[in-house]
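As recorded in TrEMBL, the features of this protein are as follows:
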ACT_SITE  190  active site
BINDING   34, 35, 36, 93, 94  ATP binding site
BINDING   127, 167  Mg(2+) binding site
BINDING   192, 216, 220, 221, 222, 223, 224  D-ribose 5-phosphate binding site
DOMAIN    1-117  domain 'Ribose-phosphate pyrophosphokinase N-terminal'
């Protein structure tokens, strides 16, 4: 087994390597003066089973191109099998045509990864599960639910919690967490008036006197979460915390969440937290390295990955 890391989230890659009691393969990833990316694999990988760890998060295009060039270098170095480990899969929200004459960018990215020479994909909490079907190679979509659930159980009295989906589209994801902790489920019914803004309309379910835990896959601007927290507290919730897999947190999201009524936002390290995120008083990151590391181990040993979530 060989583990190769790009530059997008090296800290997570090192944690995964530690879990597997392994070292990251030495490689150089640098830029020329004109910002072209150059890669050199500095160890023999001929005949090796290689796992390339790279989130295609901001800057998405740079990190995606870095992944493709890493894969090409490994393929030309005669690696036997290449698995792209994508803790965060960028462009996942462009999984369908939103209007006429628009692309399906998630499918295009899947094609690029496949044609670069990847044999298998491991990713985490895809925005839409059907994106797995965009790939013409085996694709495993891991779920952060076990990691999130463990943290919830350690910090909350479960007999007084309610899991909340911040919108109708996230109900399946929220229900999966609710079932794991035997908690009731509530839904925030909202109407988005314009891109980047959201208006909370109604709460479906009882939240009065309870600790509410919002569950979703991505937090970007933070507007949805902040509005949902305010609406839940207005309905009598005791506190509102959010557990989100991918902390994109673009623009002024960190400041928005820091000044909001959210007790805490818990994200994973699928995207490397910025200094602003680490310094925020109510944002905390938990590691998915053991989950991804175990999935890599099982893939390498030709064992079941799906049984991780039984």
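The backbone N, Cα and C atoms fix where each Cβ goes, glycine too.
All annotation found in TrEMBL is predicted automatically rather than curated by experts.
A map of TrEMBL features onto the structure.
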{"residue": "34", "record": "ATP binding site", "DSSP (3 states)": "coil"}
{"residue": "93", "record": "ATP binding site", "DSSP (3 states)": "coil"}
{"residue": "127", "record": "Mg(2+) binding site", "DSSP (3 states)": "coil"}
{"residue": "216", "record": "D-ribose 5-phosphate binding site", "DSSP (3 states)": "strand"}
{"residue": "221", "record": "D-ribose 5-phosphate binding site", "DSSP (3 states)": "coil"}
Most Cβ neighbours within 10 Å, among the binding-site residues 36, 167, goes to 167
Keeping only the recorded positions of 35, 36, 93, 94, 167, 190 whose C-alpha lies within 10 A of that of residue 216 (D-ribose 5-phosphate binding site) yields 167
Nearest to residue 35 (ATP binding site) by C-alpha distance, among the recorded positions 190, 220, 222, is 220
Of 127, 167, 220, 221, 223, 224, the binding-site residues lying within 10 angstroms (C-alpha) of residue 93 (ATP binding site) are 127
Using DSSP three-state counts, the residues of the domain 'Ribose-phosphate pyrophosphokinase N-terminal' (1-117) come to 39 helix, 26 strand, 52 coil
Taken over the domain 'Ribose-phosphate pyrophosphokinase N-terminal' (1-117), the predicted model's pLDDT averages 97
Around the Cβ of residue 222 (D-ribose 5-phosphate binding site), other Cβ atoms found within 10 Å total 26
Within 10 angstroms of the C-beta of residue 127 (Mg(2+) binding site), the count of other C-beta atoms across all shown chains comes to 19
Here the binding-site residues are 220, 223, 224, and the Cα closest to that of the residue listed as 'active site' is found at 224
All chains considered, the count of other Cβ atoms within 10 Å of the Cβ of residue 220 (D-ribose 5-phosphate binding site) is 17
By Cα geometry, the one of the binding-site residues (34, 36, 94, 167) nearest residue 223 (D-ribose 5-phosphate binding site) is 167
